[in-house]
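Asker: Have a look at the structure that comes next, please.
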Amino acid sequence: MAPQGHKIGVLEAASYCVGDIIGSGIFVSPTSILQHTGSVGLSLCLWAACAGISVVGALVYIELGTSIQKSGCDFAYLSHVKWHPLAVAFLWVSCCLSYPSTLAIQSATLGKYVISGLTPLLDLKLTDSTLFYLERLIAFSVLWVLTFINMFSLKRFAARFQQLATLAKLLATALIIVTGFYYIIFKGYTRNFEDSFKESTTKPGNIVLGLYAGLFAYNGWDILNFGAEEIENPRRTMPIAALCGIGISALVFISMNVSYFALLTVEEFKQSETVAMTFAERTLGNFSYVVPFLIAILLLGNLNTTIFGCSRYLFAGAARRVMPSFIRTVHGPSMSPRVAVFIELMVCVCVSFAGNLDHLISYMMFTIWMQRTIVQVALLYMRFSDYPVSPNGFRNPIIVPILFLLICLCLLVIPIWQDFYVAVYGLGLTFLGLAIYLVFILPSKLPKLFSVVDEKLTVLFQIVFNVIPAEYAQSGDSGDTDLLEDILKSS
């Protein structure tokens, strides 16, 4: 558990929630939702409905995070009820494929938007191969900087950076919102809001798929559960931060969609692959090149929160001895899991050169919702069996976890209905995680070579990253001589 001086409070926690929720989804999901709903009015209703579903999910995870005050999110909760095979299976899939793939997608997208913004300014003429490697160079450069920041005190550095990134993100989205509302209020651009439910779909399947796209945009409300031990007074902080984060994000999402609809017709909206770029070209003229940089700012905050979440998830597995021991090390004064942060970066770099990352993410989404479904079953099991948890935890009415379980089941069935192979790959990856548990974790004794390699790597990482095993780390924050602090003081 992090020392008190390095824990994050309400403001920092809320910035992590907003930073993780508001991202590339607001530039991707609007078109998908409108295509599935058919009308402006129903589209906006679905954005509001997705916010409501996110609130239900957040309430459930607030109960889990405050009742079982351990970092690691779903892994910690499944381990608490001793469902170790499932916990380990999902942990390996998430740490080795799902989260690194998400990080790779976000960083590659950031690099792509930066290049698209620089191209008209510098009149760049790049071949496809040069463009690919230049995008990766920018992506990896940003990742290294964020990784360096996350190797120090969460409260002093990473959380402060997240606050700045969130502020920049809100300012960037405000540009689109203010522009759109200017045209609505002062120029009377309201034609799309007259008879706004015209041509609305009546097919339940399309509405559910629209919800799926919207929930993708709202994804990130559970980010605090990954580092629950690093949150100050979680019983108070988590509810305020998570619900404020969803509320702010919902306000931004709905306002941005209203702005889009003020300037673009429904057909233009449906046909646009990047609705923000179309909006900017219509309103900002020659300054539309600013939009790629705005999207890059949005992704910067997402990258930071993804690094925070996936590294804490990996560290939680190592702390419970289902990952190699060298990952279970921290920098003593700041309690930063430096090796876990570094490992996730390396896996992300490797995954970045894989094939179609979008397809890989779609397979991972199935395992994520399957994981959440199992966790809801575990929560209901704890509630009905009076399983021991913290008496100070937040407690929902029983209808809340039951409702979220039904939502999870619906989102689990959709990919099977739309594309059976998504379910096949998702289940295959989960069974691979189970095989790892049966071969490497379940046996009480492993070959001596494994122990020797693990011990040597632990010593190596202790020297390179100035870390010690977590169980020997100091609980106080005195004597913090972080390199980053020295750099800041000398500058």
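Yeah, the Cβs are placed from backbone N, Cα and C, and that goes for glycine too.
Annotations for this protein, taken from TrEMBL, read as follows:
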type: TRANSMEM; residues: 40-62; note: transmembrane segment
type: TRANSMEM; residues: 83-110; note: transmembrane segment
type: TRANSMEM; residues: 130-152; note: transmembrane segment
type: TRANSMEM; residues: 164-185; note: transmembrane segment
type: TRANSMEM; residues: 205-228; note: transmembrane segment
type: TRANSMEM; residues: 240-263; note: transmembrane segment
type: TRANSMEM; residues: 289-315; note: transmembrane segment
type: TRANSMEM; residues: 335-354; note: transmembrane segment
type: TRANSMEM; residues: 360-382; note: transmembrane segment
type: TRANSMEM; residues: 394-414; note: transmembrane segment
type: TRANSMEM; residues: 420-442; note: transmembrane segment
Asker: Could you pull out which residues elsewhere in the chain have a CB under 8 Å from any CB of the transmembrane segment (394-414), counting only those six or more residues past its ends?
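Answerer: Counting only partners 6 or more residues beyond its ends, the transmembrane segment (394-414) has Cβ contacts under 8 Å with 53, 56-57, 59-60, 62-63, 66-67, 208-209, 212, 215, 235, 238-239, 366, 369-370, 372-373, 376-377, 379-380, 383.
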Asker: Under 8 Å between C-beta atoms and at least six residues away from its ends: which parts of the chain pack against the transmembrane segment (130-152)?
Answerer: 103, 107-108, 110-112, 114-115, 158, 161, 300, 303-304, 307-308, 311, 331, 334, 336, 338, 341-342, 345, 348-349, 352-353, 465, 482-485
Asker: Considering only the recorded stretches 40-62, 83-110, 335-354, 360-382, state which has the highest number of Cβ pairs under 8 Å to the transmembrane segment (289-315).
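Answerer: Per the Cβ under 8 Å count, 83-110.
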Asker: Pairs of Cβ atoms less than 8 Å apart decide it: which stretch in 83-110, 205-228, 240-263, 360-382, 420-442 has the most with the transmembrane segment (164-185)?
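Answerer: Ranking 83-110, 205-228, 240-263, 360-382, 420-442 by Cβ pairs under 8 Å to the transmembrane segment (164-185) puts 240-263 first.
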Asker: Taking the transmembrane segment (360-382) as the reference, which of 40-62, 83-110, 205-228, 240-263, 335-354 gives the largest number of Cβ pairs under 8 angstroms?
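Answerer: It is 83-110 that shares the most Cβ pairs under 8 Å with the transmembrane segment (360-382).
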Asker: Pairs 6 or more apart in sequence, C-beta under 8 angstroms, 3 or more of them: is that satisfied by the transmembrane segment (205-228) and the transmembrane segment (40-62)?
Answerer: yes
Asker: Cβ pairs under 8 Å with the transmembrane segment (83-110): which stretch of 40-62, 240-263, 335-354 has the most?
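Answerer: Stretch with the highest Cβ contact count: 335-354.
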